[in-house]
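A short worksheet on the structure shown next.
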């Protein structure tokens, strides 16, 4: 394998933070060599699980999601697409490459989209213990109303990873929309927290994702018993978890972007993009 020697005195990028204070890399274009990483993960014969929820009308996003995933997600590696849906008969047939499978997991829906959103933690947790632990090495948990726009590969994989929210990656701590009510299990004090993470893209080993989703689901249920709903549902609980259980890798906003907020110079790639939609027409339908 031929590649340029790393230069200790010349960092590949000096316009962005590439390492957290707890030595977790932040993944940006230009900071890694995918050929080297692909070879490492192929030697380990890794299989990746990609979980996505297509509840109610959100099933309409599946075709584009799966077709673009086949083009850009974990190219050359084995993948199980775990589709959580209440409409299994509407899951589209998409041509898959060798070693890649669609696994439909039928689940119930709920009357409120907020409830559906929060229940994702419960469902991922349940199937991690029941099924995923026996089938895949890593889980990547994402939103369905998105499309892959560029390569998303093994550079993202780690024990536990989160993604910088595109709306807050450059913000000060005081601007983060953490849950600020002490009565909630998702509460984060104003003087704590490192980054604001998006619930639309997180993951890790099955073991670590199981621990994360178990903790978040339990906290959500305590809040529910106390008549409280965190400001951003499961995303608030995810951010609380990452404050006290630091991710071992962090993905830059390249991995979760919305073209409606422009395209800053630091963004060399737009790997996973929001699909334009009418939220009112989709939610609660």
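Just so you know, glycine gets a Cβ as well, placed from its N, Cα and C.
Its own atom aside, the Cβ of residue 145 (UDP-N-acetyl-alpha-D-galactosamine binding site) has 21 Cβ atoms within 10 angstroms in the protein chains shown. If you look up TrEMBL, you'll see 53, 54, 55, 58, 143, 144, 145 marked as UDP-N-acetyl-alpha-D-galactosamine binding site.
Summarising the annotation, TrEMBL assigns Mn(2+) binding site to 143, 145.
Cβ-based neighbour count (10 Å, all protein chains) for residue 235 (active site, nucleophile) stands at 24. Residues or ranges marked as active site, nucleophile in TrEMBL: 235.
Overall, the recorded UDP-N-acetyl-alpha-D-galactosamine-binding residues 53, 54, 55, 58, 143, 144, 145 cover a maximum inter-Cα distance of 11 Å.
Sequence-distant contacts of residue 143 (UDP-N-acetyl-alpha-D-galactosamine binding site), defined as residues of its own chain at least six apart whose C-beta falls under 8 angstroms from its C-beta, comprise 52, 53, 200, 201. A distance of 19 Å separates the Cα atom of residue 235 (active site, nucleophile) from that of residue 58 (UDP-N-acetyl-alpha-D-galactosamine binding site).
Each of 52, 59, 61, 62 belongs to the same chain as 53, 54, 55, 58, 143, 144, 145, is absent from that list, and has a C-beta within 8 angstroms of the C-beta centroid marking the UDP-N-acetyl-alpha-D-galactosamine site.
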